[in-house]
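J.: One structure follows; several queries about it will come next.
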Amino acid sequence: MTLKIAVCVKYVPDATGDRGFADDLTTDREAVDGLLSELDEYAVEQALRISEESDDAEVTVVTVGPDDAKDALRKALSMGADKAVHVNDEDIHGSDVIATSAILAKALEKTGFDLVVCGMASTDGTMGVLPALLAERLNVPQVTLLSEVSVDGGTVKGRRDGDSATELLEAPLPAVVSVTDQSGEARYPSFKGIMAAKKKPVEELDLDDLDIDADEVGLAGSWTLVDAVAARPARTQGTIVTDEGDGGKQLAAFLATQKFI
Amino acid sequence: MAEILVLVDHADGAVRKPALELLTLARRIGEPSAVVLGAGEAAASIAATAGEYGAATVYVADGAEFTDQLVVPKVDALTQLAKEKGAAAVLVTSSGEGKEIAARVALRLGSGLITDAVELEAGENGPVATQSVFAASYQVRSTVSHGVPVITVKPNSAAPEAAPAAGSVENVAVAFTGNAAKVVSRTPRVSTGRPELTESAIVVSGGRGVGAAEGFAVVEKLADSLGAAVGASRAAVDAGWYPHANQVGQTGKQVSPQLYVAAGISGAIQHRAGMQTSKTIVAVNKDAEAPIFDLVDYGVVGDLFEVLPQLTDEIGAR
């Protein structure tokens with residue numbers, strides 16, 4: 001039996017660019033180049049490793065996003081994923097995380113999966129809740145925030161390094177997992193991988209294909225409302241001194257004026 | 001008055017400070033009720049503390065499920081209570097698990113979800129939450145337009161204020177839905193005795209400039225003299241000099257202390273995303289061109305191995 005692994009990835013604005021908002025208070029996707037969310041590279045990596053450990057496995061990378069989001073899929077395919085699914089529909093624009101999870105869940109059901117692998121959070125919204133929402137919608141266990149993951153027969157096992165304890169977790173498949181940036185360095189695509197990715201299948205789906213009404217998603221179907229967006233006032237640089245043997249004393253004096261000591 | 005459910009995060013039999021902050025914020029938007037899950041015998045003292053900080057009612061549920069299974073039992077409990085009590089909002093601390101619990105509760109209630117609020121106030125259309133986004137370069141104000149608002153709030157978003165209330169305990173029997181991952185084993189992290197990174201009023205962090213794992217000793221000594229938590233940049237963590245649990249930055253912890261001391265940290269966007277909302281920022285770095293100096297209230301261009309010990313001695317002498 002083929003182990004079907006689905007990896008959910010997101011195309012995000014480059015965090016090193018000048019990110020901002022469009023007139024409708026959604027993320028401005030024009031202003032800054034996009035790329036595969038760095039934290040999703042760890043998910044692709046773990047999916048590939050699980051696939052390599054398995055006798056028979058297939059890795060499908062899935063995204064919801066505009067035309068450009070194909071770049072994120074191509075990156076994952078060039079790393080070694082077998083095929084991709086791209087949900088793209090203009091009515092999706094402005095979907096919040098709950099609406100997005102509805103679309104992804106339908107796409108995953110259509111694609112089929114034994115294991116869904118996600119990054120711990122996107123690097124733009126940084127909410128980190130999508131894996132949990134998918135588990136809820138797909139009615140399968142969630143095994144999240146893992147720094148180590150493996151599949152053993154019909155069971156997924158993982159290690160979570162929390163603030164107060166390290167936990168060993170397990171759940172029967174099918175399941176949703178998310179992995180942290182401690183799970184293992186993501187591989188770089190080889191030239192061969194990049195060439196091969198161009199020939200790999202990318203299935204295009206729209207809301208009709210997934211049997212989702214337009215008013216269930218997008219700005220209309222999102223249950224949170226952004227009322228105002230304001231650039232945070234830039235911090236103004238304070239005093240800078242060069243240490244000439246008494247830098248620590250000067251710093252102590254400053255901290256004393258601020259009543260920290 | 002509208003009942004606001006507050007999930008009380010607890011550890012080692014005691015209420016964690018962010019839960020007291022939530023109770024304080026909850027009073028701005030309604031009447032807080034505390035929800036204490038899986039606390040065992042400590043539930044009574046946790047309930048008493050919740051009462052001192054404004055909880056009119058404390059719902060207590062216990063069971064092995066809360067500790068032996070991941071997330072879902074707490075979702076079951078919170079959803080059940082929100083429905084039974086007709087809660088006007090649900091507040092949860094913004095931790096990794098807290099956000100996952102909140103998300104699933106929101107989905108089950110058919111509600112909108114706001115995560116990582118740094119401010120919360122009452123508005124005409126329900127609670128208004130402020131979030132700090134895109135590496136803290138923007139402030140976004142949002143409301144929930146559908147269902148019972150479910151909001152997670154970052155630690156350090158409000159100072160806990162005592163406000164004695166009834167704190168009457170109501171035991172709750174939770175109907176568990178199952179389908180949760182099993183916790184096979186739990187190995188507690190050895191406590192350093194230092195404050196929790198996200199909760200601490202002062203954080204001292206070390207970066208690439210610290211040079212080696214042993215170099216963190218000067219960072220730790222300064223932290224201890226200030227009663228501070230110790231943080232580390234991603235570069236220092238990736239080099240294996242300090243544990244990942246202490247990483248400050250976009251992929252680590254986001255901190256918002258009263259005072260943040262950055263030692264040997266250049267201030268890449270990844271790091272700034274995790275500390276830019278700190279009230280007062282101080283940096284020590286050999287490189288006068290380091291971008292961290294753009295953010296500071298006070299910066300010392302110098303060798304951290306000279307400046308930090310001198311500062312530590314000065315603090316000790318005061």
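Positions of Cβ are set from backbone N, Cα and C atoms, glycine also.
TrEMBL feature annotations, pasted as is:
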- B:4-187: domain 'Electron transfer flavoprotein alpha/beta-subunit N-terminal' (DOMAIN)
- B:R208, B:233-234, B:247-251, B:264-271, B:N285: FAD binding site (BINDING)
J.: Against chain A, with Cβ pairs under 8 Å, which of the binding-site residues B:R208, B:Q247, B:Q250, B:I265, B:H271 show up? Give them in sequence order, please.
T.: B:Q250
J.: Around the Cβ of B:Q250 (FAD binding site), how many other Cβ atoms lie within 10 Å? Please give the count over every shown protein chain.
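T.: Looking across every protein chain shown, the total is 23.
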J.: Using DSSP with the three-state reduction, classify B:R208 (FAD binding site) as helix, strand or coil.
T.: helix
J.: Would you count the other C-beta atoms found within 10 angstroms of the C-beta of B:Q247 (FAD binding site) for me?
T.: 26
J.: Which is it, of B:R208, B:H271: the one of these binding-site residues whose Cβ has the most other Cβ atoms within 10 Å?
T.: B:H271
J.: So, three-state DSSP: helix, strand or coil for B:Q250 (FAD binding site)?
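T.: Looking at the DSSP assignment, B:Q250 (FAD binding site) belongs to neither helix nor strand, so coil.
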J.: In the structure shown, which of the binding-site residues B:I265, B:A268 has the fewest other Cβ atoms within 10 Å?
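T.: Comparing Cβ neighbours within 10 Å for the binding-site residues B:I265, B:A268, B:A268 has the fewest.
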